[in-house]
Structure formats: structure tokens, C-alpha cells
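Student: These came from TrEMBL, pasted as-is:
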ACT_SITE  68  active site, proton acceptor
BINDING   68, 69, 73, 141, 142, 171, 182, 183, 184, 185, 186, 187  NAD(+) binding site
């Protein structure tokens with residue numbers, strides 16, 4: 001690993017300071033650091049900035065400095081580059097990150113010497129029928145079909161593998177990966193899934209029907225969502241970014257992406273230990 005992309009949380013002074021220190025440390029190890037242009041400017045090394053297309057070329061590792069939000073941003077770019085990503089936690093939960101900032105350098109030493117766990121995480125692919133650009137959107141955590149106006153319900157028809165499944169009225173629907181099951185979907189009442197499970201998790205948001213609950217859909221299935229606009233203005237977002245409005249009768253196709261995200265964890269990583277620690281589960285016998 002020689003070409004290292006650094007993606008700091010631009011709104012955290014600690015992340016920017018750490019990024020600048022990391023540049024010097026990588027240089028001492030004979031490795032080359034690079035940033036996206038805006039990040040390079042705020043960190044204070046504009047000469048390290050590269051346009052996105054150049055940044056992802058021959059990229060060996062992406063290092064995220066921040067919390068889970070910064071990690072999601074870095075993961076999106078790492079997926080595009082087909083490069084592994086590792087998160088350094090400077091936030092609160094840090095559910096997606098692998099290392100605490102105080103252990104960053106020993107942790108990176110382990111990675112550069114091959115002492116790490118490489119996980120492949122499922123990614124969702126989303127397309128909007130009728131979108132002239134034909135652009136595909138990707139999400140590590142979730143795709144959310146929601147609404148902009150709080151006072152109105154949005155109505156969505158959901159089909160699975162070209163067959164009608166259900167009609168939802170409420171604040172929207174979350175389509176989450178197992179990785180994303182501990183994020184927005186969990187807040188909406190969805191279950192916690194081991195990231196090794198392969199499925200698409202459908203969780204309604206404040207459904208108008210008390211019978212609507214989360215549904216686990218095979219990862220081999222293709223989900224179709226048809227939006228009825230009426231008074232509400234439906235919106236579509238991916239890991240909390242790129243919120244866009246949808247036209248009346250807009251059709252959204254959601255499925256498992258053909259590739260997976262390469263996510264680096266420490267060699268002793270355990271999802272269940274992480275779950276216990278982050279959610280403050282009681283110790284045995286207490």
C-alpha cells in the first residue's frame with residue numbers, strides 16, 4: 001500500500017490537524033498521501049489535492065478521519081475506486097470505524113504489515129427510471145424514499161421481482177443493508193443484523209398502518225418502488241446525501257450492487273463485541 005487517500009471531516013479541527021500529521025508520518029514511511037482538492041486546501045497542503053478522477057486512480061487505501069458520517073463519505077469513494085477503506089474514529093459512536101485516533105499509527109502499522117481483517121460489505125445500487133443521466137447511486141447504509149413536507153404522508157407502492165408486494169402510507173420507507181441496520185433503520189424500529197447476513201432490510205418510517213413492520217428481502221431480489229406524489233413532495237437520499245425530488249409516478253429500482261465494499265477492521269474485530277460496547281449492553285450476570 002503506497003498511495004493513500006486521506007478524507008478528513010472538514011468541519012472538525014482535530015481531523016484537519018490529524019490529517020496534516022498523517023501526511024508527514026506517511027512520508028516518513030515512503031508512502032504518498034493525496035486529498036480531494038477542497039480537503040487539501042482546508043488541511044493546509046493544496047499541493048496534495050487531486051481531482052476526483054485522478055484521486056481514485058491507483059489508490060491503495062482510503063483513510064477516513066472523523067465519525068460514521070465521514071466514513072460513509074469515504075466509503076462511497078473507496079467503492080468507486082475498488083480500494084479498501086479504514087475509519088479513524090474522532091466522533092461518538094464510530095460504529096463503522098476501525099480505530100480510535102489515539103491508536104491510529106500503531107493501527108496503520110498493522111495494516112501496512114498485513115495484520116488486519118478485510119471484510120466485504122454489501123452495497124445497494126439504486127436507479128431512477130426516466131432519469132436521463134442513467135446514473136446509478138450507491139449506498140453502504142441505506143436508500144431512503146421519504147418526503148420533504150412534514151405535514152403530509154407519502155404513498156409508495158413496493159414490488160419485489162416484478163410482483164406487487166405492499167402499499168405504504170407514512171413518512172417513507174428505508175431500504176437498508178445489514179451494515180445499515182444499526183443506523184436509521186434501527187431508529188425507525190428495525191432489527192439489528194449481522195453484516196455477514198446477505199439481505200435487503202425494508203423498514204417503514206412512521207407507517208399509517210400499525211401492522212407494517214420491517215421485512216427482510218433476499219439480496220438476490222430486485223425491489224421496485226412507485227411513488228405517488230399528491231400533496232407531499234417525495235425525496236430520495238443515499239446514506240444521508242444527494243437528496244433529490246422525485247416526479248409523480250417515479251419508479252425506483254433498488255438491488256444489491258455487483259461489487260462489494262472492502263472495509264478494513266482490526267485483526268481482533270468482533271461485530272458482537274462492538275455491538276455490546278457501542279450500545280452499552282450490560283456485562284454478563286448484571
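Note: Cβ is positioned from N, Cα and C throughout, glycine not excepted.
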Student: Taking the Cβ of residue 184 (NAD(+) binding site) as reference, which residues of that chain separated by at least 6 in sequence fall under 8 Å from it?
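Tutor: Expected: 141, 142, 144, 174, 176, 240.
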Student: What count of other C-beta atoms do you get within 10 angstroms of the C-beta of residue 73 (NAD(+) binding site), across all chains shown?
Tutor: 20
Student: Reported as an integer number of Å, what is the Cα distance between residue 182 (NAD(+) binding site) and residue 68 (active site, proton acceptor)?
Tutor: 11
Student: By a simple count, how many Cβ atoms lie within 10 Å of the Cβ of residue 142 (NAD(+) binding site), its own Cβ left out?
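Tutor: Here the count is 25.
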Student: For residue 142 (NAD(+) binding site), which DSSP three-state class applies?
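Tutor: Assignment for residue 142 (NAD(+) binding site) reads strand.
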Student: In sequence order, what residues of the same chain, 6+ apart, have a Cβ less than 8 Å from the Cβ of residue 68 (active site, proton acceptor)?
Tutor: 87, 91, 93, 94, 95, 96, 97, 183
